[in-house]
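What follows is a single structure, written as structure tokens, with notes after it.
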Amino acid sequence: MDWNLSSIIVLLGFFGLGFFALVQNRPLLLLCSIPFALALNGFVYFFITIWFPIKIISIFSLFMVINNLSWMKRASTSLIVALWCLLFWLICCLIFGYIVEPPFKFGGGTFAAQSTTFRPAVQFVSYITTLSLVPLVFLALRNVISFEKFIACYAIAGLIAVGGALVELLFHIIGLEFMPILRAIGDNHQFAGFGIDNSYVYRLHSFAGEPKKLGVFLLPLLVLSLMYTVVLNKGNRPWWSKWQFIVTLFIVLITTFATSAFIGLALSTIPIVFMVLKQSGIYKMLRLAAPIIVGALGLYVALPTLSEGEFSVTELIYHRSIDRIETTYEERHETEALTYLFKDNLELSASGVGLGMYMYHLAGIAKGNVSDTIDSGWIILLLDFGLIGTILLTLIIITTSLQAYGSIQKRQDFNGYISISLVTMASATFINIGAGALPMVILWVAILAALIRINGFKNSN
């Protein structure tokens, strides 16, 4: 199959959808396309720069919020001020990218997208379009109904991602080739996996591009579905909160064997347990654990089809989490980055090295026209934004979380939606520790802030 042609078709489809939403001024349509863009983010193509679905949707998001400034009437003054401060610092970091002299210079020529000439500007556009998701959410989410429509779209996109993963598993069992991991630059990878004790373990990636990207997409959805199950008291619960869907989500998430997913899932249990016990009690806490237990049992059925050796689920999870962190800590780019910023070049810790310029500051990152990856989204933010920008974004997250927690006490029938969004946002920030999940973090911070405002408007009426 011609996967380059498939990528072009998918990307043109998202371009057409974004253009239609922009021309028709349909912010909710554009917002609802984001989960599908993330689920299909494995379809990439190189034309001047690397294109993938979420980049296209984010660009149209920027155009929409520039064209429609009514979001400023709905967002809180403190959030608007914080966004302007973040934008100002983003411009400063763009300038730093050109004035901070890097120790290495390469990347495909002076005028290549990855060169020192264009990389800061390209990364600036990437950040500014991602931040535009905040005002887009305020344009789109005007009431609870619009929020539920977005959640339904997220769940449908999750169904596509999970369905793709199950088809991938079936193809692996019968020996057929599934969609490869497409590389806009360089060779495609037919599959992903890892070795352990001279055996190979296959990792699911579906249409997301990589196993860790699939994990970034699925973890917030799993948390959201779990919270829907125990927090909202509805006689006819939506299908995405049924135990069958949750169990399947859990199994697919674990079989990505993404370290970031394991970190995010482990840390997410803290706010989940806290919110459920606070609002619903021990009974619903036990009901929450039931699908996870069933999912764990299901893993023992799926595991033999993915592994050449005989390993338990706990052995593989340990190998891809604690053991991997301990054995690779000293040689990881994240460790190199922290040493570079906070030991070797302390003067750069506050400002960072400039947008996207870490590939010219860290030895071994750049390889020809492409760069090796730094998995941690928070480490990338420290390199690009420095301590100042990272702390500012963190304060926005913390402030919004505290406002949400306070807002829960004010309107009883709205508690569930804010609780769900608060814990889902927390899961996105946690998974960003091990994978680049900034769009998901920004998206859920904005959703939480918008729900707080909706709650405030209802209370004032």
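Yeah, the Cβs are placed from backbone N, Cα and C, and that goes for glycine too.
Unlike curated records, TrEMBL annotations are generated automatically.
Pulled from TrEMBL:
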TRANSMEM  6-23  transmembrane segment
TRANSMEM  54-72  transmembrane segment
TRANSMEM  79-100  transmembrane segment
TRANSMEM  120-141  transmembrane segment
TRANSMEM  153-174  transmembrane segment
TRANSMEM  214-233  transmembrane segment
TRANSMEM  245-273  transmembrane segment
TRANSMEM  285-303  transmembrane segment
TRANSMEM  348-366  transmembrane segment
TRANSMEM  378-402  transmembrane segment
TRANSMEM  414-431  transmembrane segment
TRANSMEM  437-456  transmembrane segment
Looking at the transmembrane segment (348-366) and the transmembrane segment (378-402), are there 3+ C-beta pairs under 8 A, with each pair at least 6 apart in sequence? yes
Lying 6 or more residues past either end of the transmembrane segment (120-141) yet within Cβ distance under 8 Å of it, the residues of that chain are 27-28, 30-32, 34, 49, 55, 58-59, 61-62, 64-65, 68, 70-72, 74-75, 79, 83, 86-87, 90-91, 93-94, 97-98, 113, 147, 150, 354-357, 384, 438-439, 442-443, 445-447, 449-451, 453-454
Any contact, the transmembrane segment (153-174) to the transmembrane segment (79-100), with at least 3 Cβ pairs under 8 A: no
Pairs of Cβ atoms less than 8 Å apart decide it: which stretch in 54-72, 285-303, 378-402, 414-431 has the most with the transmembrane segment (437-456)? 414-431
Given the transmembrane segment (378-402), its same-chain partners at Cβ distance under 8 Å and 6+ residues beyond its ends are 78-79, 82, 85-86, 89-90, 93, 123, 127, 334, 337-338, 341, 348-358, 361, 422, 425-426, 429, 432-433, 436, 438, 441, 445, 448-449, 452
